[in-house]
Amino acid sequence: MDFEIENESEIPQLVDVEEVNTQPHSETLSVPTVSSNNDIDSFEQQSDFLLVDHDSTLDPVPVTILTGFLGAGKTSLLRSILENRNGKRVAVLMNEVGDSGDLERSLMEDVGGEELYEEWVALSNGCMCCTVKDNGIKALEKIMRQKGRFDNIVIETTGIANPGPLAQTFWLDDALKSDVKLDGIVTVIDCKNIDNILKDESDIGFIQISHADCLILNKTDLISSEALSVVRQTILKINCLAKIIETTYGRLDDISEILDLDAYGNENTSNLEWSIQRSNDSNINCSTCLDVDCQHLHSLDTHSLDISTHTFKLPPLMSKEVFQQFLQWVRHTLWSCLEEGEDEEFMIYRSKGIFNKDDGSWYIFQGVREVFEIMPLSEKPRAFLEKDIHPEIILIGRNLHRISPFVVGNQ
């Protein structure tokens, strides 16, 4: 559900259901976040409110955003998805700069000339992930008019696109969210040329990697096993949250590895639990280390990365008061870069976390840039049962070393 925010520093207020249904959609930044003026009990009520499904006879169709730098192999991966969909009805939305649509569409035909996709909506000028969202939303609405035909929607973005604004669209547009849900962002990486990609002045390679829920390391056949290890180390320093899959020629036999990730829900937390466990067990913040003689792999100059992963430990068994302090820290951290006149000291692209409160209940934190949600979990995550793992929030972004950690009593 959307909350209209005029001042980013203000706490979002609950909106009456009837009021939401009758008011026209506003272009004002809407931040769906759980918050409370009083205590954590109000937060629980609001969480339930946020999780109420819209009146629909059909479940939301999962949308996969497929991104990656130019030439990484997105089209090859898309063809692999369509060839191995095992009866799944997949709608495809292309979003490439230039007039390559007919060419790429022809690549989606099997040897008999039969089209491998259910629906094709082409957008010109790479508008989907750039500054204009309207055309992309209209294209999705066109697909959703035939919603019953599809099991999945795949959006292939332009190679120079930032997937962040598109991902936010599924949270910001309430009417759209009732028909589709963001399932995951899949970024394809050209392992052979990743060094040049990360040196690009636009930083788009970093940004695409940082937003990913699943990273496809493509063209692994063109590099040595040692070089592949360097690539994996570099990727983990930028984004420790994403699932990593290695491919050649974009071939993927089991498409369930990248479709139906449920990366933004509260039902499947296994990958986040694994990420938190990995961050507890390994040095994922190596991009900030200063020891030039350290034993980590640095062939891709990871010491100079200003986009990286950083973890912040959270106190276990949060009380009502501590939870309110945590919310205040989250708002300040995620929203401070929105304030006019402020220098961009840091930028957060993706955030995830798991924490608990003192009554034994557990929660998952999800965020893309300044938009975040907190949702209750039905049970204690398995990883926390099997090991002594500390609750934490993981941030992916730029210059994260400038962020003050959450300290109880300092908010």
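Cβ coordinates are placed from backbone N, Cα and C, and glycine is handled just like the others.
Listed ranges 1-8, 9-16, 201-208, 305-312; the one Swiss-Prot annotates as motif 'psi-PxLVp motif' is 9-16.
Among the ranges 127-130, 383-386, the one that Swiss-Prot lists as motif 'CXCC motif' is 127-130. Each residue in the motif 'psi-PxLVp motif' (9-16) has a pLDDT score, and their mean in this model is 38. Listed in sequence order, Gly159, Asp190, Asn193 are the same-chain residues at least 6 apart in sequence whose CB falls under 8 Å from the CB of Gly71 (GTP binding site). Listed in sequence order, Cys191, Leu228, Glu246, Thr247, Thr248 are the same-chain residues six or more apart from Thr220 (GTP binding site) with CB atoms under 8 A from its CB. For the binding-site residues Gly68, Lys74, the ranking by surrounding Cβ atoms (within 10 Å, all protein chains) places Gly68 first.
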